[in-house]
Amino acid sequence: MKELFKRGGIMLFDKNILQKIDEELKTYVDKDDKLYNASKHLLFAGGKRIRPYLTVVTYMLKKDDIEEVLPAAAAVELIHNYTLIHDDIMDNDDERRGKPTVHVVYGEPMAILAGDLLYAKAFEAVSRIKDNKKAHEVLKILSKACVEVCEGQAMDMEFENYYPTMEEYLDMIRKKTGALLEASVGIGAVMADCNEEEREALKEYAKRIGLTFQIQDDVLDLIGDQKKLGKPVGSDIREGKKTIIVIHALKTLDEDKKKRLLEILGNKNVKDEEIKEAIEILKPSIEYAKELMKQKTEEAKEYLKIFNKDRRKVLEDLADFIMSRIY
């Protein structure tokens, strides 16, 4: 019998599946030394496991032998954690998931190596896929996603020097955040022997949840719960991040509010009251972001209609969770 529990107010995560994913992940990092402990620091620090879970439940649209898909699911999560370790170094972040980041605890050189180790272990995981044809397809999807994540991160860093257009920003998040979510679903589809029509529908579903995932991150930074987020609310304002909310605001605000917002954005010495003031200025754009997420979530669920109603429900619920999650 499935044991489900709530996340973000939605009853959808199967504890048995999450446990199997964790057990699979442990087999890749089971040594006890500084390098492996650094690689495990974030991997078992309470992440949501959305990406490997997506791989498994996509696979379960058509198949039931979870053991077959676990190495593929683990590969996705190992890549995800590698990107997080390196992101934290590039962004100079001290905290993630309410804990000190890997480079803070182990130093930058060891953190870089820990990320590299997880990257290599992901391809070890792919090599455990028993069907060679599927392993080859998974390898193609995963390597393409890794390239796009790097391209997206580079774009994000370049945005520090100018204000991107909405189109540029959406392209960046499709790569930086969306690529690995798309890969998670695409890999599940390969492992499930989905046909071309099914794969295309799942690709469109994944594109939309990838977009809503990043937009919700941007929203939560402004109106989320600091304890649940594991980082200070408003940190994107302090850092001057060009989010979809900021880009929309700069297009739609009157000149006085725009001028005031630009004075606060990226000011490292900004006071808490000024952060609150900026959030107040951004409220209409936060609402715009929420409406866009609703639209994309409904579109995502529409693409699932070609699958069995009962089997697709968890993917529909995951789309809702990604939009409504609180951390």
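Note that Cβ sites are derived from N, Cα and C of the backbone, with glycine treated the same way.
Under 8 Å, Cβ to Cβ, and six or more positions away along its own chain, HIS80 (isopentenyl diphosphate binding site) finds GLY47, ARG51, LEU180. As annotated by Swiss-Prot, isopentenyl diphosphate binding site applies to LYS48, ARG51, HIS80, ARG97, with the evidence given as similarity to another entry.
Note: ASP91 (Mg(2+) 1 binding site) has non-local neighbours GLU239, i.e. same-chain residues 6+ apart with C-beta under 8 A of its own C-beta. The Mg(2+) 1 binding site annotation in Swiss-Prot covers ASP87, ASP91.
Annotation source Swiss-Prot lists Mg(2+) 2 binding site at ASP87, ASP91.
Using a 10 Å Cβ-Cβ cutoff, THR177 (all-trans-polyprenyl diphosphate binding site) registers 21 neighbours. What Swiss-Prot records for ARG96, LYS176, THR177, GLN214, LYS231, LYS241 is all-trans-polyprenyl diphosphate binding site.
Within 10 Å of the C-beta of LYS241 (all-trans-polyprenyl diphosphate binding site) there are 18 other C-beta atoms, taking all protein chains into account. Counted over all residue pairs in LYS48, ARG51, HIS80, ARG97, the record's binders of isopentenyl diphosphate, the longest Cα to Cα distance measures 16 angstrom. Within 10 Å of the C-beta of LYS176 (all-trans-polyprenyl diphosphate binding site) there are 22 other C-beta atoms, taking all protein chains into account. Take the mean position of the Cβ atoms of LYS48, ARG51, HIS80, ARG97, the recorded isopentenyl diphosphate site; other residues of that chain with a Cβ within 8 Å of it are GLY47, ARG49, ILE50, GLU77, ASN81, LEU84. Of all the binding-site residues in the record (LYS48, ASP87, ARG97), the one with the smallest CA separation from THR177 (all-trans-polyprenyl diphosphate binding site) is ASP87. If you check the binding-site residues LYS48, ASP87, ARG97 against GLN214 (all-trans-polyprenyl diphosphate binding site), none has a Cα inside 10 Å of its Cα.
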